[in-house]
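J.: One structure coming up, written as C-alpha cells, with questions to follow.
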C-alpha cells in the first residue's frame with residue numbers, strides 16, 4: 001500500500017519486500033491511524049507495520065526493537081520517512097519510558113507483533129532456526145545468557161520444566177533426559193545438534209510441525225524473557241496511551257495469546273457489585289474492547305504467508321480512566337523452574 005504519505009513497498013533494508021507483515025490490513029483497521037497521530041511500533045523487525053502506519057496517515061511513528069541489526073537495517077526507511085520515523089534500540093517493555101525520553105507522549109496507538117521475526121530465522125548465525133545450522137544462541141539482543149548456556153547449565157528437572165511450561169511440549173521429560181545424556185558426551189553448541197537430539201525422541205508425522213519446534217520455542221522464550229516482557233509492555237501501553245488510543249497485539253502461540261486475552265478482559269471489565277455491596281468497587285475499565293474476541297487471518301493470507309497460520313489479533317481502545325496497578329498481572333506468567341541443589345544432572 002502506497003499513498004501520498006511517501007514510503008514505498010521495499011523492506012526496511014531498502015531492498016525488495018521479502019518480509020510479509022502478518023495481518024497488516026487487520027492491524028491497520030483496528031489501529032486506525034490518523035493524521036498528526038503518534039504511534040509506537042514496539043516490534044519494528046523488518047518494518048512492515050511501521051511502513052503501513054506511515055502510509056495510512058500523515059502521522060509519526062516511534063519504532064522500537066531490541067535487536068540492533070533490525071535498527072541498522074531500518075536506516076533507509078528513516079530517511080525515506082523524512083522526519084516522521086524515529087528508531088530506538090530498546091525493549092518494548094519500556095515503551096512508555098522510551099516515548100517520554102523522545103518527547104513522544106501521549107500515544108494514539110501501540111502495535112506489538114510478538115515472536116521471532118523472519119529476518120532472525122533467516123540468519124543461521126542468530127541460532128533461532130532448527131532448519132539452518134548455526135550457533136545455539138537465540139538472543140534477540142546482544143547481552144545475557146544464550147540458549148547454549150541454558151542447555152549446558154540447567155539440570156534435567158529444570159530443563160523438563162522449561163520445555164513443558166514455555167513450549168507446551170508433552171515429551172518434555174524424555175527430551176530433557178536426552179539433552180543431559182548428550183551433553184555429558186560433548187557440549188551442545190549448535191542448533192543442528194539440538195534439533196537432532198529432539199528428533200530422536202519426537203517422531204514427525206506427515207503434515208505436522210518439526211519435532212524440535214516446541215523445544216526451540218521454549219528456549220527462545222526463556223533466553224529473551226519474552227512473557228515477562230509482554231506483560232510489562234501491556235502495562236506500559238496502558239500507561240502511555242491517550243484516551244481513545246488503540247492497542248493492537250498480534251500473537252503466535254497460546255501462551256502469549258492467553259496473557260493478552262486475560263489482560264484485556266481484566267482491563268475492560270467494569271467494577272462488580274453484589275447485594276451485599278451494592279456500591280460497585282474496583283478500578284474503572286481502562287480499555288474498551290475494539291475486537292470482540294480474537295481476529296484470525298483469512299485463508300488467502302495463510303496460503304500466501306505460512307507464518308500467518310497461527311496468528312491471533314486482539315485490540316482495545318483506551319478509556320479516560322486511570323491506569324490500573326501494574327503489579328496485579330505477574331500471576332499470568334508460568335511458574336519458575338524448581339531450584340535444585342547438589343550435583344547437576
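Including glycine, each Cβ sits where the backbone N, Cα and C put it.
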J.: Between 246-295, 296-345, I'd like to know which one Swiss-Prot lists as region 'Disordered'.
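T.: From Swiss-Prot, the annotated region 'Disordered' range turns out to be 296-345.
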J.: State which of the following binding-site residues has the fewest other Cβ atoms within 10 Å around its Cβ: 47, 48.
T.: 48
J.: Out of 65, 113, which of these binding-site residues shows the lowest number of other CB atoms within 10 Å of its CB?
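T.: Selected from the binding-site residues 65, 113 on minimum Cβ neighbours within 10 Å: 113.
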